[in-house]
Amino acid sequence: MGMRMMFTVFLLVVLATTVVSFPSDRASDGRDDEAKDERSDMHESDRKEICCNPACGPKYSCGR
């Protein structure tokens, strides 16, 4: 392969990697925001003893 062809392949790989990484970054940010949200199910359980998150365990009811 010539230098132009190798450079073109390199640019395509960099571009493809950049395009693929953007949606996964946004999705993880959304999950982080949900986890940090003060009104999440587990945070509500401290005040109302109602939790719809399975991680709360049998101690709390869902209340839905």
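Every residue, even glycine, has its Cβ placed from backbone N, Cα and C.
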As recorded in Swiss-Prot, which of C51, C52 forms the disulphide with C62: C52
Expressed in Å to no decimal places, the gap between the Cα atoms of C62 (disulfide bond) and C51 (disulfide bond) is 5
DSSP output for C56 (disulfide bond) maps to helix
Using a 10 Å radius around its CB, how many other CB atoms surround C51 (disulfide bond)? 21
